[in-house]
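Chemist: From TrEMBL, for reference:
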DOMAIN    44-290  domain 'G-protein coupled receptors family 1 profile'
TRANSMEM  28-50  transmembrane segment
TRANSMEM  62-81  transmembrane segment
TRANSMEM  101-122  transmembrane segment
TRANSMEM  143-165  transmembrane segment
TRANSMEM  208-228  transmembrane segment
TRANSMEM  240-263  transmembrane segment
TRANSMEM  275-293  transmembrane segment
Amino acid sequence: MNVDLLKNTSSVSEFILLGLSNSQEIQIFLFAIFFLVYVAIIVGNLLIVISVIVDNHLHSPMYFFLANLSFFDLCLSSAATPKVTADFLRKRKTISLWGCMAQMFFMHFFGGGEMSLLIAMAMDRYVAICKPLHYKTIMNRRALIVFLLLSWATGFIHTTSQMVFTVGLPFCGPNAVDSIFCDLPLIIKLACTDTYILELLVIANSGLLSLVCFILLLISYIVMLVTIWQHSSTASSKAVSTLSAHITVVTLFFGPAIFIYAFPFNSYSVDKFLSVFYSIITPLLNPIIYTLRNQEMKAAIKRLSSQHLGSWLTS
């Protein structure tokens, strides 16, 4: 990242975020909604992380991945939502050049990591359903750590491979971003240079990667569902419930990402709303989907709540 190059060629020190609406009443309403959503994201995902850590009933590979998914969701949402929420109360919504770069870096870092983690979760369910006798042998502690490290490494490589070129772009003209936060395709369009190669890189890196991963995940889930159908039982019914939750999360995560980054440089007015869904709504829906459809997780949260309530009453 060439800091000197950026300073010498860029006259833009900040970007103006156009937001979702110019109406003050609507912005106050949006502030309330986003604030409540962010609080729910923090509380919901923290409950999952803490429950998996402290409850012995949840010390299994599936819940290990679920806790880390919640952590990624916390980080992904926190990369943009606090700034977005505060901006609804500001008449002039701006973000510094380096603040914008940092925001994009962390959103793609945690987004890419979550993408890899969802694949690891699908592999865990595949082994549990298709090779149950070898499950504990394959999904051992070492394998879990390797999967987690690969998720972090994937996120870092994914964001660095794009940001290393973006951070050196010259910005000397328009600085208005038609979104509520910095988004890579929108920022690239504002550069005072030919960005055709970088546009292709974004499509290949974010768009095609999301699409390929989504297709591979769907194929793996189809194989698992066929295997379950061939071995109908009570345990299979529970597996179907777990798989349906996973498929829902995968669809909600990859759907907007594919639309935004596989076709990032066409003018779709719906893009900003998909960005909101991808970065803010999905981290809220993940804990809801997993807790409401998972009896063990609900029981663990109840035990955690009752323990803290009991200790509070006796203190």
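Cβ from N, Cα, C; glycine included.
What you see is a predicted model, and the numbers here were worked out from it, not measured in a lab.
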Chemist: Please work out whether the transmembrane segment (143-165) lies in contact with the transmembrane segment (62-81), by counting C-beta pairs under 8 angstroms that are 6 or more apart in sequence and asking whether there are at least 3.
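Modeler: When sequence-distant Cβ pairs are counted, the transmembrane segment (62-81) touches the transmembrane segment (143-165), since at least 3 lie under 8 Å.
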Chemist: Compute the average pLDDT of the predicted model within the domain 'G-protein coupled receptors family 1 profile' (44-290).
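Modeler: Overall, the domain 'G-protein coupled receptors family 1 profile' (44-290) comes to a mean pLDDT of 85.
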